[in-house]
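Comments concern the structure below.
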Amino acid sequence: MLKSKIHRATITDACIDYEGSITIDKNLMQAANLLPYEQVHVVNVNNGTRLETYVIEGPAGSGQICLNGAAARMGMKGDKVIILGYSLITEEDTLTHQPNLVYVDSLNRITKVKNGVASRNLEV
């Protein structure tokens with residue numbers, strides 16, 4: 001199940017020579033309930049790529065979103081990304097589970113934090 005989402009963060013750097021991962025501002029990690037070394041999916045809004053990596057903690061308040069290692073080939077400074085964390089939960093907990101959603105501005109400052117995803121009623 002979706003546990004955490006940082007919506008439309010801006011990549012601040014891409015470091016190809018680093019070992020690998022995504023560096024995320026500690027404040028964003030805490031708001032989204034992401035832990036160091038936790039596996040995440042990163043969806044690049046600009047080019048449509050989707051990658052799987054793990055989180056390392058960046059300085060609190062820095063706004064840092066940095067793709068590292070091979071992941072740096074999947075995005076560039078200025079690209080918008082959606083960062084998704086998942087968790088396993090019991091079937092019983094699926095009835096009440098709500099993910100942590102973090103919305104940011106162009107400098108990766110938190111603008112809103114909420115739980116749950118709005119449903120859309122699609123008429124056929």
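Every residue number used here counts from 1 along the chain in the order it is shown.
Even glycines carry a Cβ here, placed using N, Cα and C.
Annotated features, as they stand in Swiss-Prot:
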ACT_SITE  Ser21  active site, schiff-base intermediate with substrate
ACT_SITE  Tyr54  active site, proton donor
BINDING   Thr53, Gly69, Ala70, Ala71  substrate binding site
MOD_RES   Ser21  pyruvic acid (Ser)
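Same-chain residues that are not part of Thr53, Gly69, Ala70, Ala71 yet have a Cβ within 8 Å of the Cβ center of the substrate site turn out to be Gly20, Ser21, Ile22, Leu51, Leu67, Asn68, Ala72, Arg73, Met74. The maximal spread of the substrate binding site, taken as the longest Cα to Cα distance among Thr53, Gly69, Ala70, Ala71, is 10 Å.
In the three-state DSSP scheme, Ser21 (active site, schiff-base intermediate with substrate) is classed as strand. Rounded to a whole number, the C-alpha distance linking Ala70 (substrate binding site) with Ser21 (active site, schiff-base intermediate with substrate) is 8 angstrom. The binding-site residues in question are Ala70, Ala71, and the one with the fewest Cβ neighbours inside 10 Å is Ala70. Using a 10 Å Cβ-Cβ cutoff, Thr53 (substrate binding site) registers 19 neighbours.
Secondary structure at Ala70 (substrate binding site), taken from DSSP and collapsed to helix, strand or coil, is helix.
For the pair Ala71 (substrate binding site) and the residue listed as 'active site, proton donor', the Cα-Cα distance reads 10 Å. The residue listed as 'active site, schiff-base intermediate with substrate': 19 other CB atoms within 10 A of its CB, across all protein chains. Sequence-distant neighbours of Gly69 (substrate binding site) (same chain, 6+ apart, CB under 8 A from its CB) are Cys15, Ile16, Asp17, Tyr18, Glu19, Gly20, Ser21.
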